[in-house]
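Structure first, commentary second.
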Amino acid sequence: MSKEIKEYKKYSDVPKEYRFDLDYLLEGKTIDQLFDQFLEKSKKLIKIKDSKYQNIESYLESLKLEEDFNLLNNKIINYISNNISVNVVDSHFREISQKFEFMYYSFFNQIGDENQRILEHEEKITKWLLDPRLASYKKALDFVFKSKKHRLSKEVEDYLIKVSRGNIELYKVYGILTNSELDYGYALSSDGKRKIEINLSNRFNLLKDQDENIRKTTYLNWNKASAKHKETLSSLLYQHFSKLSADALARGYSSTVNSFLFEDQVDEKLLKNLYDKVSSNKKVFQKYYQNYKKFFEKKNSKQMEAWDIYLPLVVVDEKYSIEEAQDLVLKSLEPMGSEYISKVKEAFSSRWVDYLPVKNKRSGAYSIGSTHGIDKKFILMNFDGTLNSVSTLSHEMGHSMHSYFSDKTQPQSLSSYPIFLAEIASIFNELMLKDYLLEVSENLETKFHILNESILNFVGTVHRQTLWSEYEYTLYNKIDKGEPVGTYTKIDEIYEQISQKYKVSDLKNHHPEDEKNVIGVNVPHFYYHFYVYKYAIGMIVANVFYQKYKEEGKQALEFYINKFLSAGGRDWPVEILKDAGIDLYDSKIYDLAFKNFEQTIDQFVEIGNKLFK
């Protein structure tokens, strides 16, 4: 294993093999030439926006033009966004991006309300759908017809489109307040030699610091700063929810939550199953927390406090080179079969991945979307040589391979998979890597670290996101009914009530010296239109697929690739999973997921008992 990852001052200094191959997207042309093609294709679509409904042949021809337009759009978006990601202050690509945004929105405004035109020709299109040439468009068109009952008058819809750029976006106000204007104070070391300003970027690293006073002052000062603005934060969240509630009820939805579920054609029963099964499995989560607390107190000879939960019990300083990380990912995924492995090797050799952190590069990691028609499913990361970075590479490769199999198997109109399904393949890859690393590692501390990270991932995704989702669900429903819940006191009361249902730790949420943690009004995800439950579902489903693989072997992997990875968006999410052997309305699927999770906890406890005596 390598000890250090070489640092580079400029992106251009990074070796070519560790950078994106973005010139591939241009195919020998310039970006301005692609813009010219974009304008040419957009003019054709605008010209035929009404005449294409004259007969089925004209309509089919227009759909082909739209697909060509979308393929070009994908290349342009991939080229611009990836270039900006590797240097977020690059003025050249920012200007290019602004130019394209203007072109795109100009097209969008001229093309107008396509759904309205579809509805005006509903009778005609319904007959055309009997033609097999329109089979791949049936899902989207049927959804437009089904959505008709939730549309307002043509004049109102036109007005809403025209004034949309003036909409107040409260999540942006929330972001400015919490990212820039809140003063979180300083973390102070026990000896007084370190004084570190607390911000969103360093908060969790400070909570992992070996110095208890750094952790304590980070925890308390963060909470105090947030609590100081609790009424402002409450007002922002309440107004955001109220706006969405008013819109949903005006459009004839039975509730705000059902307006969100409608987009994925999900029944509310799925939420009830999720909330009931996760909260009823509290004992499994408690098993982890009780043992973690025991190990912590044995190691540190002190009572565990709320600011101690992120302190690592073991320090794993193993470092991996990019090539070693690639090798680990390949070996862990070997059971996936020859096509899967061949494509991952191609991803590494053909420069799908931009690996190394440099100044002004976007933080975090992603596997890019809008990939149909593009062979390279680009991945950005900030590789630092840690086990976590190896896991990130495997995770993002899961997304990219999902895109590869979906794009290869499905027509363009059905190739894109929704957020509801997006995290399953990436988490599945993490589980493959976890078990491979446990198998080959001989170091107990490394194994303990791997298991703990996997458990925390499950807890953070399933337990926390489900709690948050039921809280959102409850708050939306109260606002729909007109209940007066617009103050911090009322909102916090709701959050505390839901928290008690899921409570697994006996640690205090706040300290006598401290203002209360106002988490119920201070989570950015609450501004993302009720989607955190999808993260929990993704983790549950990935664990079910993985448990099936452990019980059934390679046959389960072939089924997973053919029925899930290759499905794209060919059907609604629940139906795709049902076809892949997982019925989300059957509460028994949670038993399989928690079985796999509890096996991981058992391994964690077994090794922890050896390390902390």
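Cβ from N, Cα, C; glycine included.
Taken from Swiss-Prot, the feature active site applies to GLU396. Its Cβ placed at the centre, GLU396 (active site) has 24 other Cβ atoms within 10 Å.
For the recorded site, HIS402 (Zn(2+) binding site), the DSSP three-state label reads helix. Summarising the environment of HIS402 (Zn(2+) binding site), the number of other Cβ atoms within 10 Å of its Cβ, over all protein chains shown, is 28. For HIS395, HIS399, HIS402, the entry in Swiss-Prot reads Zn(2+) binding site, with the evidence type sequence analysis.
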Measure from the CA atom of HIS402 (Zn(2+) binding site) to the CA atom of GLU396 (active site) and give the result in Å, rounded to a whole number. 10
Residues within 8 Å of the HIS395, HIS399, HIS402 Cβ centre (excluding the Zn(2+) site residues themselves): SER367, GLU396, MET397, GLY398, SER400, MET401, SER403, ALA422, GLU423, ALA425, SER426, ASN429
Does anything in the same chain, at least 6 positions from HIS399 (Zn(2+) binding site), have a Cβ under 8 Å from its Cβ, and if so what? SER367, LYS377, ILE379, ALA422, ALA425, SER426
